[in-house]
Amino acid sequence: MNNKDYLNDFNLQRNNYIDQLKNGQNNILVAIRCRPLNQREIEKSEYEVVRILDERVVVLIDPYYESNQNDVLRKNRNKEMQFAFDYAFDETISQVEIYEKTSNFLLDGVIEGFNATVFAYGATGAGKTYTMVGSPDNPGIMSRTMNQLYYLIQQNSNQNHFVVRVSYLEIYNENIKDLLSIEDKNLDLREDPSQGVVVAGITEIECSSTQEIMALLKVGNRNRTKEATEANEASSRSHAVLQVQVEIKQLEQGPQEEVKYSKLSMVDLAGSERAANTSNRGLRMIEGAKINQSLLCLGNCIQALSQIQEKKNSNLFVPYRGSKLTRLLKDSLGGNCRTVMIANVSPSVLTFEDTYNTLNYANRAKNIKTNVVRNILNVENHLNNYAQIIQNLRQENEQLKRQLSDKQGINLPPINQGSDYEQIQNESLNKLEKIIQKHFQLELDIQKSQQDVDFQIDKINGLIFQSLQDPSNDKDIVKDKIDSFKQNLKSLMQQKEDYTNKYINLIDKRNDLLTQIKQANLSLSNNNYIMSVYKQAQVQTESIEIQYREKKSDNQSKHKEQQVQFLQQQIKLRDGVINDWKNIIQEGKLKNKIIYKNLKNVEDVADFARLNHSTITNQSIIQNGSPVNTSLQHSPKRRVQSQISVHPKMYPNQQQKISQYHLPTRKNQLSLQQGSDTNLPDSYSAHSKSSKGNRQNQNYSPANFQPNYNLLKARQQQLYLQRNQKFLKQQEKKYFN
Ligand SMILES: Nc1ncnc2c1ncn2[C@@H]1O[C@H](COP(=O)(O)OP(=O)(O)OP(=O)(O)O)[C@@H](O)[C@H]1O
């Protein structure tokens, strides 16, 4: 097989592998990126010990090979070590190419609900941050990935609705810190049954463009823990994790709404160098140890996961809990996740040990069992070619440098050309940043005071309610207590109003801030930056407000529940009272019957009836018959007549007479008693059993005064209900005013 064939073979294998990754059969792609020698390294005339071949093989030349022959530990190392990866990139690879080859394919899965993770691994100064974040002119994987994500979202927006939320955190010395929050506190990890691993209380910002996310990253990166080490002037001492949560909702839903979630994690790991290598002591050394601990744990997890894949044995233990980093990335590494690791190395001879460690680490993650031996043969051929090319380029480079310095009159522009403009911009930026932070700090302070007052108001309201609820409390004591509570409430309400007004004023002033930002005429990137500072602060105050409202509505619903319980008790009480009254009514009805039966004269009937019917004045009811003349309603006694019923069948011709009936005098009461005679059956008769009697007197017979029990009952019930209502009103007044 010639070189061309085996290259084609390589590419074919790689494409197949990426296809398998896309289909979920594999879960990790490992790439190596070797950066160019930096200025310092060139100045020190350091030479390169790394060669990259065919975008796949890394050859590492051991500079200490000869001297190590006496070292027992290093004796078996080869002079040239070869490693094969899915991709290996040399210093000529552009930011866009590296993105397109390693990460672009992940995005199709992300908008389908699959998790994806991209790591940058490597020693300090090897180029991790450059690969992940890049520079404004040459953005790295994070920004390009987000661009593609928003592009795909736009392409799919007619089928799905997407929400993108971003959080940015760092893990420093095994502590998690929110990089998008002003508050400097450690956050906890929690395992949520539906959402997987979550960082409790982290700021999540909904973003709609890459620019917004990059501006947030800029803010976050400023908060990141950095220190100068010997190897890197601005060495990141923490692992930085940018997590992008994507919520995918189908626009046309069936009866059951389906929402997919995916998490895209982009991780810029802390330098993997050994603590000894950077001459670090004390705290720096502890940092180094912690960094190494979590990276080791990450390596163990990756190895366990690849073994699960290899052996098809899902029972193998994955030590996620060994570090915060692996706990956080648990569902990004395992399950439905596709992981890309970009291991960064420096070609310099001085970093040989770090490079060797990095390549071994990456190799553990991706132990490609392809025909390495055959490749090595070809590698050696290539190696010679590459060495020659590099030699040529070096010479060319030196020549150009000499030409440049020989040229008279050409002064390279100073690096800080245009510094006046930059200085003004920076000053404005700093000034605006301070103003924004001061403003939002004030908002936060007012918000907190307002919430404190609100909390006290709720507390007092609760106390009032409690005092009212306890029936055993002495009424006067309760009244005194409530009066003093009310006094407090009044002053608190006043305070609350003052704070609310101040808060409203501050919110109005946000517009002034925005105008100030506009008037500062900042460059586009500075403007983006300051707007993200503004947005971050705004989101923070708003999220505190939302958190408070949620807490308050929780409290309110608890309070409402208490009130409902109390009212339910009241209803029970009322039902009990009504039942009691119903029984009394029943009893009263029976009693009435008995009383009516025992009434001795019409006067008594009238009095009793009046007692029970005092408010019914205009109704004339004859039971089962026609109404009695209602013209006789002047005196209470006459009124009684209108309510007395006579059976129409008994006295068909006497209706008129009855209607003209005048209440009997004392004189004829006797005769009524003696000569009572009616043909009324028992059910209609008030008290007479006799069917004989004088027709003359029958008008005066008590039998004619049949009481309307239904009416009585209705009236009684009406009265009792009125009394109950009055009672309930009194109760309400007592408890709620
Ligand atoms: N591929 C590259 N091309 C050009 N310059 C690079 C490249 N990679 C890294 N650099 C430069 O090397 C320096 C160190 O890189 P970087 O800060 O990315 O390292 P790092 O691995 O993130 O280090 P640390 O772990 O200490 O944060 C930077 O000045 C960066 O611009």
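Keep in mind that glycine also has a Cβ here, set from the backbone N, Cα and C atoms.
Annotations in TrEMBL come from automatic prediction, not curation.
Positions annotated as ATP binding site by TrEMBL: G122, A123, T124, G125, A126, G127, K128, T129.
According to TrEMBL, the feature coiled coil maps to 376-410 (among others).
Marked as coiled coil by TrEMBL: 475-509 (among others).
Annotation source TrEMBL lists compositional bias 'Polar residues' at 622-634.
Residues annotated as domain 'Kinesin motor' in TrEMBL: 27-368.
Sequence annotations record features per position, and here TrEMBL assigns region 'Disordered' to 622-642 (among others).
What TrEMBL lists as region 'Disordered' is 672-706 (among others).
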Local Cβ density at A126 (ATP binding site) - other Cβ atoms counted within 10 Å: 29
Averaged pLDDT score, the domain 'Kinesin motor' (27-368): 81
T129 (ATP binding site) in three-state DSSP notation: helix
